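> Below is a structure I'd like to ask you about.
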Amino acid sequence: MPRRALVPIPSDDVRTSTSSSQASTETDISKCLLPWIDLKDGENPLPYQPVDSVLLTRSSHVAYLYPQLFGQPMKSTGLDSYRSLVLQWDCGALSILGVKIKPNEQSKAIQTVMSFQHPQGGFGGGPGQLAHLTSTFACIAALAILLDGADQSLINETCARIDRKKMYEWMLSLKTPNGSFAMHQDGDIDVR
């Protein structure tokens, strides 16, 4: 595999909080990659570095992820159809980081996911949106993460709110004669 020098992403010289944050992130990542950049194919990597030599700014990750469980910042409204995917990613990341969501906030996040449920089955990317297989997977995965370790009554209540019969019928309606599934009604086909 050809090696490439570490170069920053080209800039248009317009400084914004996003471009400043990106530059800072690139610098942090570069510090971790530089020791390996000049290795030739077949060379052994540098001596083992303990994991604690790499700093994960956990608090920054949590500060970024946590608010997204409860709505979308105005600057992200263009991602409205991806809310289910962002929510699943946030829930998974927070779980990996060991963050316990407070019960009242857990209920609010579950309410958000449930608002994506389509009346004819499945889940959309956001409230009132067309049901989509990817969004449905993301919502069910987010609920599984949110309900991990939850009180059994909350688990039962949440599962009872998922219209499994309609979801099953909707999923069968997406199945094509060759065994693949359309991602949504009259949508693209995914053979995975």
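The backbone N, Cα and C atoms fix where each Cβ goes, glycine too.
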> Write down the single range among 1-23, 24-46 that appears in TrEMBL as region 'Disordered'.
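Of the candidate stretches, TrEMBL labels 1-23 as region 'Disordered'.
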> Give the residue counts of the domain 'Prenyltransferase alpha-alpha toroid' (56-192) per reduced DSSP state, in the order helix, strand, coil.
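Each residue of the domain 'Prenyltransferase alpha-alpha toroid' (56-192) counted once, the result is 84 helix, 7 strand, 46 coil.
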